[in-house]
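A.B. asks: Here it is, the structure in full.
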Amino acid sequence: MMRHLLSAGDLTRDDALLILDTAAELARLADRPIKKLPTLRGRTIVNLFYEDSTRTRTSFEAAAKRLSADVINFSAKGSSVSKGESLKDTALTLEAMGTDAVVIRHWASGAPHRLAGWVRGSVINAGDGTHEHPTQALLDAYTIRRHLGGVDGRRVAIVGDILHSRVARSNVTLLHTLGAEVTLVAPPTLLPVGVESWPCAVSYELDGVLPKCDAVMLLRVQRERMQAAFFPTSREYSRRYGLDAARLALLPEHAIVLHPGPMNRGVEIAAEVADSPRSVVVEQVANGVVVRMAVLYLLLGGGEPALAGRAAEPAAAAIGGGW
């Protein structure tokens, strides 16, 4: 059984399907008046965030609390980190407090791997630099599966700033593991060196890719990570790579539009597309909670059935142990 979730590459197909199946069972809680389960009562989970976050931090907090865990939110701002404390010393402090799991977001690629060597509890990567964001990939796969009936054989286009995107890296890996055909669409300046070795296709033209897509994922341009000009203007970028109403019409009728957020409306996605029935952006946020509940549950080895009563019976095998 794995102790950590550091990379989408850590997951076998069976691992990923177990998480998605467990999340589907836990999603039944959303329709209940009381959404909490006692499965992680007495466990302590720390959200250790060195970068700003709205969706991911609050999603992990909601997931942990719905499993009855005690949650400590740690922000680098206002902590001893601002006084020069190293990641290792912070880790040793958390270890001394008896933390069961640490959810870490860090500006440095590889920080979660380092942390995993310093603590006895589980470590979950909530985004490290431009490297990976495995739970985002899991919730995206979960969303695709809910709408399209499965991931295997589906054609997914990921469009935008691939160079700086940890979401793109994790999605390419996980979607390939689950049998999807992935195409990256971006200007050459926003593609990383070595992308030809990734398990996906690459295109510089969006219009030719859209008619063959089952799902299209838009990525924002991460200007905060850019030290130079990667394209002439935002208007020119939007003209070539933005998803507007005209391009939305090129998609098959069943295709869905995803975005990990935050969105830059009018740049990579037009407002009318973001708010259209084809957009599942808000649903991705809701799905993120149940997927992260599943990850926490399986990593921390919950021994009780996740759902009480007859509704839990089909899930007994999937939710009984961990992976």
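Using N, Cα and C of the backbone, Cβ positions are placed for all residues, glycine too.
Relevant sequence annotations retrieved from Swiss-Prot are reproduced here:
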- Arg55, Thr56, Arg105, His133, Gln136, Gly261, Pro262: carbamoyl phosphate binding site (BINDING)
- Lys83, Arg166, Arg220: L-aspartate binding site (BINDING)
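Neighbours and distances for these, please.
C.D. replies: Remark: Arg55 (carbamoyl phosphate binding site) has Gly261, Pro262, Val285, Gly288 as non-local neighbours, by Cβ distance under 8 Å and separation of at least 6 in sequence. DSSP gives Arg55 (carbamoyl phosphate binding site) a helix state.
For Arg166 (L-aspartate binding site), other Cβ atoms within 10 Å of its Cβ number 24.
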A.B. asks: Starting from the carbamoyl phosphate site formed by Arg55, Thr56, Arg105, His133, Gln136, Gly261, Pro262, give every other residue of that chain whose CB sits within 8 Å of the mean position of their CB atoms, in sequence order.
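C.D. replies: Result: Ser53, Thr54, Ser59, Ala126, Gly127, Val167, Pro260.
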A.B. asks: What's the CA-CA gap between Arg105 (carbamoyl phosphate binding site) and Arg220 (L-aspartate binding site) in angstrom, rounded?
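C.D. replies: About 19 Å separate the Cα atoms of these two residues.
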A.B. asks: How would DSSP class Gly261 (carbamoyl phosphate binding site) in three states?
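C.D. replies: Looking at the DSSP assignment, Gly261 (carbamoyl phosphate binding site) belongs to neither helix nor strand, so coil.
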A.B. asks: I'm trying to understand the geometry here, so how far is the Cα atom of Thr56 (carbamoyl phosphate binding site) from the Cα atom of Arg166 (L-aspartate binding site), in Å to the nearest whole number?
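C.D. replies: Computed Cα spacing between Thr56 (carbamoyl phosphate binding site) and Arg166 (L-aspartate binding site) is 13 Å.
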A.B. asks: At the Cα level, what's the spacing in Å between His133 (carbamoyl phosphate binding site) and Arg166 (L-aspartate binding site), rounded?
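C.D. replies: Distance between the two Cα atoms comes out at 6 Å.
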A.B. asks: In terms of DSSP three-state secondary structure, what is the assignment for Arg220 (L-aspartate binding site)?
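C.D. replies: SS state of Arg220 (L-aspartate binding site) = coil.
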